[in-house]
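For reference, the structure is listed below as structure tokens.
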Amino acid sequence: MAGKSSLFKVILLGDGGVGKSSLMNRYVTNKFDTQLFHTIGVEFLNKDLEVDGHFVTMQIWDTAGQERFRSLRTPFYRGSDCCLLTFSVDDSQSFQNLSNWKKEFIYYADVKEPESFPFVILGNKIDISERQVSTEEAQAWCRDNGDYPYFETSAKDATNVAAAFEEAVRRVLATEDRSDHLIQTDTVNLHRKPKPSSSCC
């Protein structure tokens, strides 16, 4: 890949069994493994891509969703550029737990400005016909909790998987653009010669 590449850390959070590992593997390797076991602690994979002319290396972190693994996963939240909150559309409890996952991430990642941090919401397993969470419910949650982008995905058949991760990159880039603008307005030019000053002795 030509050109300078930025490294973005993206973390997948959500209940155990919602398909976080499958989503990561589908996106990075374009494979789906029906025998995938629950993650213990954390795992990550890298993916090089170009989004809107920006070359990016996305470091995707997959975390264990079970409560007993909390102490293993939370140290890895820091330094994340984007968080993909994930639930399964056939599991209403995993949807109800999104708020808890968001709070846990904000606390352990030490997010300074939660209202502007880029979250993307994924409703996974739309290939399953019996759903417990409607599209409208999920969209309403996203509107009420920060106007987050929402994608209904299937790691099994790859529906919207690439689109969701690419949107995560766009959100990070937009956040960086805002930060750069703020920084540029307050920078000090170290190369500018100081104005001569007069003093009386």
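In case you wondered, yes, glycine gets a Cβ from its N, Cα and C as well.
Values in this document were obtained by computation on a predicted structure and should not be read as measured data.
Per Swiss-Prot, the annotated phosphothreonine among residues T29, T63, T135, T187 corresponds to T187. In Swiss-Prot, the entry for phosphoserine among S71, S92, S129, S179 corresponds to S179. Candidates G17, S21, D62, N124, D127 (binding-site residues) were compared with A155 (GDP binding site); those inside 10 Å Cα-Cα are S21, N124, D127. When Cα-Cα distances from K20 (GDP binding site) are compared across the binding-site residues T34, D62, N124, D127, the shortest belongs to D62. The two recorded residues, N124 (GTP binding site) and S22 (GDP binding site), show a Cα separation of 10 Å. Cβ-based neighbour count (10 Å, all protein chains) for G17 (GTP binding site) stands at 14. According to its DSSP assignment, A155 (GDP binding site) is coil.
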